[in-house]
Amino acid sequence: MRRKRFSRREVLAGVGAGLAAAVVPGCSGGDGGRSGALQVWGGVPAASGPGDVVKAFQEKFPQYKVNYTRFVNDDRGNLKLDTALQGGVDIDVYFTYSQGALALRAGSGLAADLTDRVTADPELKVFLDTVQPRSYIDNGKVKALATAREPFFVLFNEKLRQQAGVELPHDWTIDEFRSTAKQLTTGKTVGAYTVPDVARIALGPNYWYDGNRSNFGDPHFEQGFRLGREMIADGTAFPWTEVLARHLDAYQQNSFLTEEFHLWSTAPFNLRYLYDAKKYPHDFKVAFAPSPTVDGKDWNGGSFSNFIMINPKSPKFEAAWAFVKFWLTEGATPMLKGGKLPALGGVTDDQVITGMLGKEPDKYFDMDSFRRVVLEADPKLATDTRLTGFPEITLAVKQQRDLCWLGEKDPGVAIREVRRLADAAIARNERRP
Amino acid sequence: MATATIATASRVRTEKAPGIKPSGWIGFLFIAPNLLGVIAFTLIPLISVVVLAFTDWNLVSGLGGITFNGIDNFVAIARDPGFWHAIGLTLVYVVVSVPLTVVLGLALGIALNRPLPGRAVLRAIFFLPYIVNVVAIGMTWLMLMNPKAGLVNQVLDAFGIQPGWFASSHWALPALIVMAIWGGVGYCSLIYLSALQDAPAQLYEAADIDGASAWAKFRVITWPSLLPTTIFLMVTLIIGASQGFGLIALITAGGPGDATTTISYYMYQTGFQFYRFGYASAIGLVTFVGVLVLTLLTWRAQRGRALND
C-alpha cells in the first residue's frame, strides 16, 4: 500500500483549517453574532414570572421576538454576565440585583443613558425622584431603573401568637419588638429569627456613608449589633451558632415553617413558601405587622430593586426600550408570583393577592393584616445611590456582625472595626481612576 | 569497549524508520489539539496574571479600562493586614495539615502493607475520601460537626469538650484541617503502599540475619527508601493546601469573621467580590513565589538523605 506523504504546505493548510475550526465558533465578530431576537438576561427563572412577561410583550408587540436567558444571581453568575457584556455577547437588556454590581456596571460603560427617555415620559418621571430614588443615577445620567418594590414586614405565626395571647401590632417600636419576641419565646420556639436593621430604619438610604467617610460612628449601628447580641444571649433571638452551622441564612423559611422561631422580618419573595402546604407543610396562618420604628424614624429595611438596564452596544435600542417600558408600566404583573411588587404599582389589589398569596389566600394568610401592611401602607423605601466600596463594606459588616452575635466580640469593638475597614475601603476606591 | 557501545547506541538513535520523512510537521499536527488547550487555558492565563499584577483593573471596564500602575499593587500588598492575616492562616493550615497527613498516611500505608483479612477492601475504603465530590464531603462534615446536634460533639461531650467548629472563629480552621487530613490520608497511604512494595527485600533479609529490631529496620531501611515518596507527597500536599479553596468556599466562606480566609479565598474575594483583578493577580503572583520557595526548601531539606543517594 502506498503511503500518502504530506507536503509542508498541506500540513500548514491542515493546521490552519483546524485552528480556524476551533477558534471561529468562539469569536463571533464585532457584533457578537447578533440575532434578530431581543436578548434579555435576568436572574429570575423564566417560570417564576419573566416567561409570562415576555409572552405578553410579544403578544402586544408581535414585531419583536424576545429570548430570555437566566443567569444565576451569585458571584459566578454575575461574572458570567459581566464577561458576556464585555466580550460582545448578544445581550440587549439585562438585570442587576446587587448594589455593588450596579455602580460598577453603570460606571464602566455597560449601561445606556436612559435620561432622555425617562424625562420625556410622564409615566416614568418618578424615576427622577432623588429623595426616595427608584433609579441609579451616575453623574446625572439615569442608567438603571428599579422594576420591583420589596418592602420588609414582620410575619407572625398566628397559631402561636394566639396561644401566647399577644396582640398583633399595627405599629410598634424596636423595644416593643424585643418585648414581643420575649413573650413569644417558649421551650420549643425562639421569639425571633433576628432583629431588623436598626440603623437602616433610623437613617434611611446611603446610611453607610457620611461625606467622604463611613457613617459607622452613628450610635444606631452599635445599637443594632448590641440588640441582636442581647436577644441571642437571652434566648429570644435564634442562636447565631446554629445560623452559621446550618447555613440557615439561605433557608430561613424551613425553620419558620417548623416553628423553630416565631417573628420573621422578611420581604415578599419569601411568601411563596407559605401558600403551598403540600410542598412546604405547615398548619398555621401567617399575619403581617409593619417593621418596627427606631427613635420615631420609620425607613423601611426593604428597597426598590431588580434594576433593568440596556446594553449601550445594543443595535436594537428601540426594541429594548419598548421592552423596558412595557415591563415597568404594564407587564410586571406575572412577577408577583415571585414576590416582586411592580416598582410603579399599576396592579390591582386582587392581582397582588392572587399573584403573591396563591390560590387560597384566606387559608394561609390573615388577609386583614396583609391589606393593612402590604396593600394600604406606603412604607418609606429607598435605593442606595452612594456605593463606593460597597462590596468591601458589605463583607466587613457581615464578618463583624457574625463575631459579635457569636459572642466573641463586644458590639462596640465590632462596630469600630467595621468603621475602620469601611473608611479604608472608601478611601481606596475613591483613589481609583 | 565502552566507546564502541556508546557509538552503537548513538547510531541506533539517529536511524530513521523506513518511509517516514524527516519532518516535524506531522508531529506538530498530532499534538496541536493538546497544545492549543495548554496555550489557551494555561499559558495565556499565566501570562495574563503576570501582566495584570501591574495594573488596576475591574474587569467590567474591559481591556480598555486596564491602567498600568507599576509596583503599586505590591506596595499595597506589603501594607495590607488582610493579606498578611491570610498568609498566616495559610501557613498554619499547611504546616499543621501537611505533616500530619503524611505521618498518618505513612502509618496507614505500613499497616495496610501487612497481611490483613479484607486488605483490598480496607485500601479502597481509606482511598474513598480522596475521590468523593467536595460538595458531598462538605455537607457531611457540616452535619457531623454541628455544635449542637453533630455526631462529633456528641462523642466529645463525654470528655466535656464542646467545640463550636464552623460556628466559632477559634475552631473553624482546626475543623478545616481535620477535614483536609481526613481527605488526604488515604491518598498518602496508597502512594506509600506502592513505595513499600518496592523497598529492597534483600536489605530486610540482611537486617533480619543481623538481628536488627523493627525500629532499626524502619530507621535504616524503610524510611530512607520512602524519602523520595515523602518528598513527592510533601511537595504536592503543600501546593494543594496552599491553594485550598473548595471546602472553604462551600462551608465557611472565609468566616466566621475572617477566621478561615486563607490566601486563596482572600484572592477570590479581592478579585471576584471586590472586582480588584489587578490586585488579586498581584496576590496570586506573590503566592506563587511563596509556594515555590516553600517547595524548594522542602526539597532541599531532604536532598541527599534518600537510600539511593
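These residue numbers are counts, starting from 1, taken along the chain as shown.
Using the three backbone atoms N, Cα and C, a Cβ is placed for every residue, glycine included.
Lifted from TrEMBL, the feature list:
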DOMAIN    B:87-298  domain 'ABC transmembrane type-1'
TRANSMEM  B:25-54  transmembrane segment
TRANSMEM  B:83-112  transmembrane segment
TRANSMEM  B:124-144  transmembrane segment
TRANSMEM  B:171-193  transmembrane segment
TRANSMEM  B:226-254  transmembrane segment
TRANSMEM  B:274-299  transmembrane segment
Two-stretch contact, the transmembrane segment (B:25-54) and the transmembrane segment (B:171-193), at least three Cβ pairs under 8 Å: no
Of B:83-112, B:124-144, B:171-193, whichever stretch has the most CB pairs under 8 A to the transmembrane segment (B:274-299): B:83-112
Residues of the parent chain within Cβ reach of the transmembrane segment (B:171-193), under 8 Å, 6 or more residues beyond its termini: 89, 92-93, 96-97, 100-102, 104-106, 108-110, 112-113, 123, 125-130, 137, 141, 145, 163-165, 226, 229, 232-233, 237, 240-241, 244, 247-248, 251-252, 255-256, 259-260
